[in-house]
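A.B. asks: Quick one: structure below, then a few questions.
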């Protein structure tokens, strides 16, 4: 997985040297030491935001291995009731991987009360989450064009006759080819691209070291932060505005955090610290050494100008490949983000495919892939140069940085048991510096940042409207649930016909019969002989085991053969196709009915264990003959836990007097 990290996560960070110096000094270098000032800013910005914040802090703020702003929101929702639709209910405790976590410290309890009792706080938290996800998707439209266009522009050093239109159409062709191979899956792409990215990182590190030794070894003085202060003192407002271009050096870190679910913390930390970090820093240092001795050279292709002439073509080919690969992290991020939006009920349903049997978090979404391909090509054709795209790119990076800091601070207060002064130091250091970067980007709002904000606004309107209607429908059904007596009356109507088969009714309600049922009977007085009301619920955990997926409850009267079912999924679980879903549901419904009939005759057996609570049993599959049960060989063993199927079989057994020991489910 560490090897795949290089191919998926680091090509974007590894190709930033293609355009950071070019955009920062697009009007030329004013003073020789300005290069050292910018290099010092690049070094410390990269170390502070990419390495310290993301690699060694944010990766630990994950939700059972999943990262990104949605995972932070999910983690917060496990400690506080912040979701607009109830997400902490009694039956969730029967999922082995789900834990109702409680805040133990005074400050954690204060934060929990604030989030749960304040509707503006809930709405703000939800707004920040979907705003960050909208920005991430917008950023996915910008990363491929700026990376590939920066690499293709290098052709002009060897083919100056190429026009801007030709450069643009070459870029569009490469982008179409890149999106066309996404269906192969992240793991295959990672294994394919990783060797190329490793060679790329080694090559640019070697070139950087060569330039440092050949041109100006004194460039290493940039590790002294004094040059940062000198740079701002000399350039004042111009130096502040240039922070927008300097932050491009750590673009891609937001995708790195969001793509944590594809990999692991250790694999990312090792490959970043010993692979990406030294290579990228050497590249920036080498470019700075070259620029200090060639201040009169054209800055627009600073990276390719600093390459020894004999290595131009190998470097160009690798730069082109690496820039294409650099887009992979953002595309993978878009797939993961869209999957999260589905579970939050914030976006219309799209087809999500798992591309790897070995790594469950690796996804491919055809509709999203097509949309990103079209959007990237339109951005390339419309804007034509990296300058405008870079400014649009900056606002996404800066805003996601700020939102991530806010959510991480809440996680630290609510979840982490660390000293309050460490939390205060984290918030002050990162929020103050990130706000300065954000202000520099917003200063150039009309020069590009408005574009991703407009795209994000469109996406947010879709998300908010979709989620609002989802919440309103849920509340309506909750307020108009049908009582058990009314269900009994409806099913005993003389004009009601029962036809053979299984009827499935989908509802948002976890408890109760939806109001659509009596309406249906009024219009079409015919129902199936077996009726199941199904609600699909997404828990704030990554996965729910298939054996714990379905909860069943038989609705009184039992002879009517009406059942309630809750199908639980984690936010990284994929909903099956309709046929597979129904087949699995029917299989577990059969288990439930058989268990129900067996429990009806099991009261004499239970009385031989008077000291054991009913909720201290577990369901297990055993070979036939090992337990006293036939059929599927399901055995009940003392001092273990039941699965939800048998636990909710217990809920239906009111005659044994145990219903008060488990949460009611209707």
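Here, residue 1 is simply the first one shown, and the rest follow in order.
Keep in mind that glycine also has a Cβ here, set from the backbone N, Cα and C atoms.
TrEMBL: automatically predicted annotations, no manual curation.
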A.B. asks: Which range, 270-291, 490-511, 512-533, does TrEMBL list as transmembrane segment?
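C.D. replies: Within the set 270-291, 490-511, 512-533, TrEMBL attaches transmembrane segment to 270-291.
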A.B. asks: May I ask you to indicate which of 94-124, 125-155, 559-589, 590-620 is given in TrEMBL as transmembrane segment?
C.D. replies: 125-155
A.B. asks: Kindly point out the range from 240-258, 639-657 that TrEMBL annotates with transmembrane segment.
C.D. replies: 240-258
A.B. asks: So, do the transmembrane segment (363-383) and the transmembrane segment (167-185) meet, by the test of 3 or more Cβ pairs under 8 Å (sequence gap 6 or more)?
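C.D. replies: Yes, the stretches contact each other.
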A.B. asks: Going along the chain, which residues at least six beyond the ends of the transmembrane segment (167-185) come within the CB cut-off of under 8 Å?
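C.D. replies: 144-145, 148-149, 152-153, 155-156, 320, 324, 327, 331, 355-356, 362, 364, 366, 369-370, 372-373, 376-377, 380-381, 384.
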A.B. asks: Counting CB pairs under 8 Å, which listed stretch among 125-155, 240-258, 395-414, 420-443 touches the transmembrane segment (450-469) the most?
C.D. replies: 125-155
A.B. asks: Please list the DSSP helix, strand and coil residue counts for the domain 'K+ potassium transporter C-terminal' (500-581).
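C.D. replies: Its residues fall into 18 helix, 37 strand, 27 coil.
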